[in-house]
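Have a look at the structure below, then the notes.
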């Protein structure tokens, strides 16, 4: 059953990824062909108007549908998926509506020449597809077949979402192994070997679907998409040889890449905060922001190539020069016949084609140093300013473009002191900037390997990634973690902070504890459910049901509401025996997909019913995880995180009191919560782990 | 600090791996060159004698040193590393002596043309190097610098061993990413992102060291090793194209590969049981077994090529034919000038060269169908019979050879019905057989990718691996798990068996529980330590120290023995306060490397001392993990396994008894233990997961 689901996820995500690429290449392609033809006819103003207005229209459409129909579809989606896999349920993140907007919005936004990527939205798309398949349709249009809904528990859903997001990366970059590793390294909070295998199956299906579709494209039926091909940026060269003297420039590349990457994260985080303030003012402001970014981008993309000199075509070029039509490195732009504009071949192109140009070998003399610098700086800032708009937008591709420009720029500076050609420098530059922002290592290494099909480059790209990650980690965190934190999602880290070892769980348990008795009055239940927001409650048996107060187990809010709705009430407080649960099917208690479940406010009860009782015993989880109140907080966190809990009962050490002291939830382990209780813990060693910039903090 | 250690591990394992390869290629190379020269001179008997006696000598030497000096070095080592990473401490597995024997023995055994591999021994070597570095030298020759011994806890050691074994595979196959993934997928029981990163760093160092050493070989200074090269079996071909019609033969390859692989596991397991019986009879039997396998192998390798017809050399061959000297596909063997023997070019070669021949493209007509079948069958049985001998022996390379022969055989049968050449079939055949025996997916896929440098083959090899693993899993388990089980190591599986959900922890806790009081009499401690084999004891405070009996914590046997040796005794049973522990350094209580620690029998105490007391409070772990006795066994196992515990305290639900019911250890979770207590649990569903072969069981 799970395998069939994984197969379906693989097929659907593979198809979506393919058609996503196809649509982007064709929409953007037609736009560029029309504009280029106008340029050839020397109608420059007209060309700019067509270019800018089509970009504007596409961006407007993407932001309108996102803002009005599914605001959850904005942005990359990777932070949300990461938080979900950590155990944070955010409503509406995985709905059918979000899926549709994400796909359409991403195609439009990427086609509109904004400097944003499609990988993040593909991950989110994959995750939504997995969720919808797992719950047998959306909440509203649910399939009637009950047997499809076998995944009504959190773990299986998380596994499916992991598979789906792995498939998303696999489809976006045609990198099955890299996608799998990215899902495991960056997204998943819990790994299991079985999960690894199932995710591998999913990405294998994606790879095979893509491979089959390429056969279709080979026959030239994909329009401007061309031949597709399984490898995106093929830089195979028969024999790359590099020696020890090539290592220092590569080290330098890694160090600077780490610094540039961490400053990227820093700036992006600041810009996102500013954008959030703007976006909170209302939908109109969101749309205006998106549109102004689009106009700004169009002006830059069209305007900056005019800065570059026209250069004569090389006589020994294997490609037609200047390029007429869609593909090809040598854009004519405003130049004379026989000349080409090197900046235009980067700017006036889709991001994919720009990367292809930057990665290509035997093009060392094609680009000018100043052009490369302009391109790098523009990409760097454009991608930072474009991410936060209200449209589906990824970060992966912009970082690859920026890194490639940076790497090629460094390669040009090093010049003939290295055996590596500039295309390889571009690949390594991408690796270093990716390492500096995303901070994953193995998965990026494999993604770059699969993107470029160059195994001999592996030792160098491993080196670059390690250095840039190490350097960048000294300054700030992973870009996705920063976004998760800025969204205020309670993400549970896997490591424990040192001060947690000095605290016991008894120190952080707060608030008045609400306890239910084994047989509880209906009015009590309704009152407690209405006055608290807790999702789990301990059930305690007291005399006469037992000799002394005994912890019976844990009952969930959702189950209590179900019981109230089903009105399984008793007139007298007497136990009903274990056969009471047989009148319910497991389906009544299963988790009802995403979004808000039933609310206590929806339950209508008469006065008479309020005075009746419920026997909670058959519906209580009798094996909750427990810790003693003297347990170290750090150890309790390890348990909470490793086992993937939502509630952890704290029981007293001595037996002369109530049998449960409190409940720990995710929020009790958040550093903000703990430091709020014990502000003097913010001292000493653990703060020294990150460099502080008191000066820059004050300025910004 | 950890990074420096990982760097050292990477450098040392990289160097060891390189010199291992170098030594094997040179020793085996000289042997083959001498024998071939004799063959050219038509001195066949002489040639056989030289060949057989050199093989015999090398095997004898390898088994002598293994049997007498370090019997732990026999076999692959992967099962031991896997068990260690699961938490099973086996003595002497990671000692300097084992390391030396493992390296020398592996070189001799592989050079002696036995059908065994070097990957498993390299993993073990890497793990030992990591352990020795982590504990700052061997137990006997420990380095004097105390600051080197910073890893005196289990988790850090496990992490280092994981890095070391990843480096081992990386060095053996020159596959850094594949090695890392193999360590994570197959060996490690606990993963963390930080560990992933450190292991990646280690394998990156290995890759860079190997890359640097290849520069040396390029200058021709490696003797018969040739140019080395970072990619072992390069099968890059400019454009592999395959279409839908190539999929059915590949599916078939996967299905049969799965069946062949699972039968391989089954047979190997049977043979190992027989060998174990022989080996238990004494060292002489062990040596005789190893030597007879060597003679048998020599006879087969020298004899079988005579069965093949001599074939005329192809006129358009790019290589010299017949081959004179070491490398090259066309072995002359007994043939006329201008002819070659195709079987000899497989048998009469090192395994690496045989794989290279089988994987090579444009050699579709080089081998005969019957030759390939003979080679496949011989390899299959030889590798099964060779593994269990008393010498370091891996399984990876033999499975690759066998699989390559099988794949090429299938490729020949399919013939012109496929676009794939026979070399690619050989690669896919290796993949299918590896999937059928090792049962890992992602890591094998990446290892094959890195071995062959052919990214376009990735979708097909993913498909083949998935199918063969699925098919083989229906029959039996992973080869390493079978070996772990046959060695009787208490390996803790990550999944829970269904019957565990029906039991509570209270049902499986057995044996009389030994409890210490907070202030305990020395004679009691000595008595309990001498009469039990437990490694952890609960410490309970009773009146007058507390109002009622209270669980104070858990104390370890090793710490008790240290306390007894240090003689920190009190004349009166009064608490000493928390400053008592200041007279000890943390080093006194740290784990003393591998092997047996201090024994209780070593502690000498006078009569007077026996009557004194120890205050255990300062030395007790006050935050042990606990479960209520009504906790489901399955949930307790999840906790035990996920958090990586050695002891789990069971506390009572009601408070009117002793505050601790028992201690769960690894052995209490073993299915054998539970099914021994509840034999009627062996029914119904969970047994149906594996097919049963009642017939074959009876026959064997």
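Start at 1 and count along the chain as shown; that gives each residue its number.
Glycine is no exception: its Cβ is also placed from the backbone N, Cα and C atoms.
No curator has checked TrEMBL annotations; they are predicted automatically.
Listed ranges A:47-70, A:71-94; the one TrEMBL annotates as transmembrane segment is A:47-70.
Record note: among A:324-347, A:420-443, A:444-467, A:468-491, A:444-467 is the stretch given as transmembrane segment by TrEMBL. TrEMBL assigns the feature transmembrane segment to one of the listed ranges (A:126-148, A:218-240, A:287-309), namely A:287-309. Transmembrane segment is the annotation TrEMBL gives to one range among A:16-33, A:106-123, A:250-267, and that range is A:250-267.
Across the domain 'CBS' (A:620-681), DSSP classifies residues as 25 helix, 12 strand, 25 coil. Only residues 6 or more beyond the boundaries of the transmembrane segment (A:367-388), in the same chain, are considered here, and those with a CB under 8 A from a CB of the stretch are 75-76, 114-116, 260, 264, 267-268, 271-272, 275-276, 279, 293, 296-297, 300, 304, 307-309, 311, 342-343, 346-347, 395, 398-399, 401-402, 405-406, 408-409, 412-413, 422. Sequence-distant contacts of the transmembrane segment (A:47-70), counting only residues of its own chain at least 6 positions beyond either end whose CB sits under 8 Å from a CB of the stretch, comprise 27, 31, 34-36, 38-39, 92, 95, 97-98, 100-102, 104-106, 108-109, 111-114, 283, 286-287, 290-291, 293-295, 297-299, 301-302, 389-392. Mean pLDDT across the domain 'CBS' (A:620-681) comes to 82 in this model. The transmembrane segment (A:250-267) is not in contact with the transmembrane segment (A:160-183), judged by fewer than 3 CB-CB distances under 8 Å for residue pairs 6 or more apart in sequence.
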